[in-house]
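Asker: Per Swiss-Prot, active site, nucleophile is recorded for CYS76. Marked as active site, charge relay system by Swiss-Prot: HIS165, GLU167. If you look up Swiss-Prot, you'll see GLY47, GLU48, SER49, ARG102, ILE128, ARG129 marked as L-glutamine binding site, on the strength of sequence analysis.
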Amino acid sequence: MKIMGILGIQGDLEEHEDAVRKVNCIPKRIRTVDDLDGIDALIIPGGESTTIGKLMVSYGFIDKIRNLKIPILGTCAGMVLLSKGTGKEQPLLEMLNVTIKRNAYGSQKDSFEKEIVLGGKKVHAVFIRAPQVGEILSKDVEIISKDDGNIVGVKEGNIMAISFHPELSEDGVIVYEYFLKNFVEKN
């Protein structure tokens, strides 16, 4: 069984762990850089990206994650953290050749749920203060999902990033299946 690490600084950790189990993988909560050893993939969950970034710096995660050679899935704030820039001064991993529009859909009260398509399958997506891709900086970045023309899912190399919370919807497991099939099992 594959082991999927879930960065345990902030976010819906239990919900991600449940989804990982549903795709027959073992979840491992990552709280220290040493916890990264032995995992087959990493999930960077949602939360508040500036806070997560600062904590990643404090705990020594930035360089360690940048040097991982495993698939990484970023959801919501995880997408922000993987990006090259947001127009705001904040710590980023800078591993994904996109810029991000933070909170592109508005504030917490503007959060919504909507059906989108990912990998040819419909997914009930939960958008909470969700980002969007602003600019694609490399031809290696592939769009994997859109919402009314706005880019909400991309992949590049062994990195996948989405602006919504798959862990919060029943059929969000489709996202984890897609990540497992197209990234983790191919690594």
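A Cβ is built for glycine as well, from the same backbone N, Cα and C atoms used for every other residue.
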Asker: If I take the alpha carbons of SER49 (L-glutamine binding site) and HIS165 (active site, charge relay system), what is the distance between them in whole Å?
Answerer: 14
Asker: What's the CA to CA span in angstrom from ARG102 (L-glutamine binding site) over to CYS76 (active site, nucleophile)?
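Answerer: Just about 9 Å between their Cα atoms.
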Asker: ILE128 (L-glutamine binding site): which of the active-site residues CYS76, HIS165, GLU167 have a C-alpha within 10 angstroms of it?
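Answerer: So the list reads CYS76, HIS165.
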